[in-house]
Amino acid sequence: MPAWTVAGRSNSSYSSSQIVLAPAEDAGTLLSLYSTHDGPKNMFLDSLAFPSYAAAWSIIALLLQLGLQRLFAKLGATRSAPSREGANEAEVARVGIGASSIVSQPGDRLRLALNIVRFLACLALFGMSAFSAYSASRKEDLVTSGPWLHLGLCGTYAYASILALVPVLMRSAPPLFVSWHRALVLLSAWVTYIYRDIWPLGTSTLSPLDTAEGVFLWGKLTSLTIAAVLVPLIAPRRYVPLDPKNPSPPAPEQTASILSLLLYSFLDKTVFEAYRMSHYPFERLPPLADHDSALNLVKNSFPELDPLQTKKDRHIFWGLLKVFRTDITAMVIALLTQMFSRFAAPLGIKNLLAYVESRDQDTFVRPWVWILFLLIGPALFVIFESMYTFLWTRMLVRLEAVITQLVFEHALRMRVKADVSDTPTTVTTTPDSASVAEIDGVGLTPTEGQSTSSTLAADADSKMGKQKDKDDAQPRTKQSSSERDKDDNGGEKSKNVAGRINNLITTDLAALALGQVALYLVVRIPLELALCVWFLYTILGVSAFAGMAVIVIAFPVPGAVASKIRKVEAAKMQKTDARVQSVTESLGVIRMIKLFGWEPRLTQQLTEKREAELKLVKWAQLWNVINNDLNYTIPLLTMVVTFVTYTIVMKQKLSASIVFSSMTVFDMFSNQLRMIFTFVPDVMRTRVALDRINEFMQKTELLDQFTERSSIMAELIQSNAVEDSEFIGFRNAWFTWTDETNNTSTPAAPRRKFTLRIEDELRFQRGSINIIVGPTGSGKTSLLMALLGEMHYMPSGPDSLYNLPRERGVAFAAQESWIQNETIRDNILFGSPYDEERLNKVLDQCGLKQDLELFEAGDLTESKLDSPLVTSGGQKARVTLARAVYSSAEILILDDVLAALDVHTARWIVEKCFKGDLIRGRTVLLVTHNVAMASPISDFVVSVAGGRISSQGTLSSALEKDKTLAAELANENEIIGKVEQNIKQTEEELAKTAAGKLIVEEEISEGHVSWAAMKLYLGSLGGEDRVLFWVTCAVALAITEVTDGLQVWFLGYWARQYEERNSSEVSVPFYVSIYSAITVVSALGFFTWSTVFVLGTLRASRQIHKELISSLFGTTLRWLDRTPTSRVLTRCTQDIDAIDGVLSRCLSALLNTSATMSVRLAAVVISSPVFVFPGIIIATVGRWIGQIYMKAQLSVKRERSNARAPVLGHFGAAFAGLVSIRAYGAQDHFRKGSRTRIDKYTRASITFYNLNRWIAIRIDMLAAVFTSTLAAYLVYGGSTASKTGFALNMAASFGGMILFWIRIYNRFEVYGNSLERIQQYIEIEQEPKPTESGAPPAYWPASGDLRVENLSARYSSDGPRVLEDVSFEIKSGERVGIVGRTGSGKSSLTLALLRCIVTEGKVYYDGIPTDSLNLDALRSHITIIPQVPELLSGTLRQNLDPFEQYDDIVLNDALRSAGLFALQSDTEEGCINLDSQISNGGGNLSVGQRQILALARAIVRQSKLLILDEATSAIDYATDAIIQESLRKELNNGVTLLTVAHRLQTIMDADRIMVLDAGRIVEFGKPYELLQKEAGRLRALVDESGDKDRLYAMASESSSPAVL
């Protein structure tokens, strides 16, 4: 940088002297004029004239703006409608075109006081300038420029005073552009005086130009600094709400001053409050700014992003670019400023060391200026970096909110269809029970966005989403591994679509966060590389290119290693996916695993998959060690080559200023190249994520009403419009579950595409109860789904149509009950207004009143979809029914709501509900298997068979046309004889919970990570040789850090030799050899430390995963019922991944950084002992700030994590009940719920990100103060250049690492939360562990003998008994039926036999007490089939035989015995066989089909004791009869069969029947004998049935002695 000399006379501003600036010393060239005002000729070029120019420009611009404002206001008044006044007011307030009055806001008083101070400062400036003008006019002629310049300044300050007076006098906020003009004028004057009178003080040759003004000069500077700088920086800003009529509490950043924004001081209150509290609750977080609310973001962004609103076939990237264009532009500006400020420190070091090297020579710039560079440069860098980060994180949280809501709302338009694996399959793709299929999405109500109130469709060719090109639908063929995840349209195909959508808003959304690096690649890195080259060339000349050549040549090596790492990581991710898939499926069927005793085998499978994963984790981490070692070594090699070239080849002297400044820039250069290799994969991940989101938005199959239709279809719809608006039904319509024009199948393995065909007309009766009947899989549910608009509609003729009027509402109850994790009341209300009288009536008519009396919180008790702990299957079904009945909907669509109810409860529902006043006059469409029970209430009966309508009309006409239906009615005719008004229902599975809480609140850890959790991890690192492990790590790390510091010192020592000796006497090879040896030792130490530590982390990962899986599989069913599966899954996936990766890397970096800081601080203290106290103070203050920060950050991080779960949970709830949501028209309610949850997450996220910058600014500025203070001491204390350079290098490194250490420690604490969460689940309640003494004899069990003595049971050790002193004995081979009213203890008895609940008494199975056996041995020899069957994704063979123990003959025999082959023909296309693909949970099968397969799986196990717990409840009576007959014939004589059933005909031919009531056995004997008791319970049940004679006959036939 050139120095300046002054030529000429006195530099008084009142003289006509000319000051010429020329290069110092030998430059000899005239450069410019520093200041000149000889006369009028040069007056206009004088620097004092610039403020006047700025004021003149401002006046002209202000007048133009005011004129345009008035013009636009008049135009707006004549054109705008009254309805837009509110919007105009908000816009006006925001841009400043006339401001609305705001009564009171935070900081109003302070703002007014500062405005007054600024006005007074402007008046003072005006007065002093007037005096200066008067003085100048007396000393000089008016012809000269001096007086005119000061008169111009007087006018400038007068104008500024007027602008400063405006906010003082106005009640409301002045227009925004007034503040801009005021700031421009005052800043121009302030900069002018800084240039004229402050900058010369930093030089050794120049003097201030206005010193003749004396005290007035400093008065002006002080007043200008106050008015132009301080007041604008510290004045609170005025909050202007987006909606002035409904303002929300402003966020701190909306009212914070500019200085507070730059320094993040607006978070001080939050940080210090959190520091004083054990845990900072969510409610105390700063409020969410209105412009960040999801509702506002949706309004602003959806017109550019939502494919149904944009009407453009463009990639979502361009929409996002347009939405966030302002933020991106500001980020680019901040990034450029940040980049230039980064070079201030190297520049300051170079010039400081150059000054120290040549103290005797005069320099143009004084050294304190370069010391300020070391202070201000890093400060500006961190401020602009924080500004960039603030803009990016604000954009990120907005992006997360927008994409999450966008995906959610688009998912509400998706078509429901079953989803299976990509492998060819022959299984039915869409079940009869489609309402419970694995969800492909959720959809909008068909009336949304339409003016009509009915669902009316007649398009023959709906499209996939907004996709226009239909030529890409190709036949499905076998795919390569790279294409395996692509669907027919080229999109990714997930094994279940709910999981795929969750991935969009979790994994892919996280990948979008990496997109910020694109700006680095495009803007910062190229420019910074160019500046580094220029800087190095300036210092080192051509030798700089030698060093850069080494970097360029050597960088392919880390690139190759990085490529290897990516390949290993890709392979590792496949193994991780396999493990996660196994864990996910295992947790999904954890009850089945425990009931079947599969824990040891599943644990072994997961352990094997874990070992395969850890093997690749090991190689990935070892390659990372090699890569890090290369990145550590290459810069050192670069230094060697550069300095060798500089000294040996170029014959130049090595100086401290060259060494230490070039070291910094070389490090920056190599870092930029390294960032390219790092950032490119991140950008590719972001692109892939954007492509996946775009594909979901553009290519997802939507419901018909959301697809584009041709004009011909529109005309067809208009011509077929229903004349009778009351019409409910179909006419000549076909329906499928997907648009087959875009979904073809593999010819070799065709899928059966279920088609519902309605020929002629099917018209349901309004105001009546319409019954829909048919066998399992016939298409009953599909008929309802078609009517609701869920299926793809294909007109079969010109008069084709279907219609469901919706103007008076539609309610829907699915076959598999859908309830949310809310209170029972909220589940029933479902957003409807609360009417206590109506609710009580609904609870009574739906048979829930007596159930709720057993709960302490009544209808405020929480319910949970996948837990029977509080709400049983029957109760869930009645809650679902109650929701439909409570609603105001005129049309009720009920899908087999009686299937899960016992005969008494079903009779109650029919008599009290369907015949009650709440149903009267409403249109009901009821699917049922129980024809006889529903026949008295039926006004219209539709019979469905094979996807077609076999008959319709009255029940008698249907019976005449459908002989099968007539035979079924005759066989099971259970017509209600009487109604028991008072049925005492004792809930068998109830453990009373205070306040109605079922789901245990997730614990939020407070403070730091607990020592117990840390001990779990640190103890696992060393394994059995913990001492050896930690000693090796400590020694290797110490060698690494000491030699690393020694390298820097040695370079300074080498450079000092040129100062103390002649350059010819310096042996360059010697110093190069020593430096190289130090480098090699340092690299070896780093490699040793890293390798040993990596192997330790693998040991810890293996041990912790093993303990977690063992704990989860060994826990109790009660704990599983009270804990959401999502929490357990998080521990096994997210938290385990954290331990495998982030946590181990954080601990490694933490130890490494701690050692580095210790060495750096020691080096500074050794070099300058006086700085031992400042070093300690800096470290202490940094630690204190870090503690304050971490206390707040940990709380906010935990709240943020907890706020994320409800967002995902809301998705899951919507997917599970999507048909119900669409049927009820509750999309807006769920959208609002999604926005509310997103706002909560956004609120926590913004504070989380801002806290990161709060600590960054403070620590970086603290480090800059430390470094600049040390520099001042060394420079003015007479230190040598090499010592100064070494000390500054160490100090800068130490200061920069303070923040890094705090961040790493905080990150370690944050991810250490995963340790705490895993430790919590390792210490959960456990079932008894297996022991050697608990292993049964090899022959056991030889028979199915079962003897029970005084068995009592409860669900928890302190809960009420659900079984009371039950005693009975069952001989091997007996078939025993178990009956009883709801809550009598039937299911509790089955769980007690398996020791799944707390039991007292004795149970002998084949002569051995079950409490003496290991649980896995007991449960693996007893088979139970629960009411809700559970299936795994995969083939049917894998479901029947998951451990590959049986051949196909056994499996097919089991299917035959279970009755599957009775439902289908071997020649039927698409029949189910062992190779059929089963979707996750069995979603592509009806409930009845799933129960049949679960029964077949039980038969395969060949247990001596088989328990059926309502295993055929969802199967029609004919199939049930076939299954019972098959069981009687196929089961071995030694198999004991216990059947829990509500259907009396299912168990009336049993050898004996057990009747339970209130947890006790009230009757137990042969059916015929029990029926002879006059007051017998079984007889009462049979007598209440209209089919009494048939049941007596069945009992008589089974009265022969049981086979022993």
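Placed from the backbone N, Cα and C atoms, the Cβ positions cover glycine too.
Bear in mind that TrEMBL entries carry predicted annotations, made automatically and left uncurated.
In TrEMBL, the coiled coil annotation falls on 969-996 of the listed ranges 717-744, 745-772, 969-996, 1305-1332.
Between the transmembrane segment (1286-1305) and the transmembrane segment (1161-1185) there are at least 3 Cβ pairs closer than 8 Å, counting only pairs 6 or more residues apart in sequence, which means the two stretches are in contact.
Counting same-chain residues at least six beyond the ends of the transmembrane segment (534-557), those with a Cβ under 8 angstroms from any Cβ of the stretch are 343, 346, 350, 630, 634-635, 637-639, 641-643, 645-646, 649-650, 652, 658, 661-662, 665-666, 669-670, 673, 677. The transmembrane segment (148-169) makes no contact with the transmembrane segment (369-391): fewer than 3 of their CB pairs lie within 8 A, with pairs spaced 6 or more apart in sequence.
Ranked by number of Cβ pairs under 8 Å to the transmembrane segment (176-195), the listed stretches 48-68, 116-136, 215-235, 369-391 are led by 48-68. Remote same-chain partners of the transmembrane segment (215-235), defined as residues 6 or more beyond its termini with a Cβ less than 8 Å from a stretch Cβ, comprise 110-111, 114-115, 117-118, 121-122, 124-125, 128-129, 131-132, 160, 164, 183, 186-187, 189-190, 193, 197-198, 208, 257-260. With a threshold of 8 Å between CB atoms, the same-chain residues lying at least 6 positions outside the transmembrane segment (328-349) that come near it are 321, 370-374, 376-378, 380-381, 384-385, 387-388, 391-392, 395, 516, 519-520, 523-524, 527-528, 531, 535, 657, 660-661, 664-665, 668, 1271, 1285, 1288, 1292. Residues 202, 261-264, 327, 330-331, 334-335, 337-338, 341-345, 347-349, 351-352, 355, 1249-1250, 1252-1253, 1256-1257, 1260-1261, 1263-1265, 1267-1268, 1271-1272, 1275, 1288 of the same chain lie 6+ residues outside the transmembrane segment (369-391) yet bring a C-beta within less than 8 angstroms of a C-beta in it.
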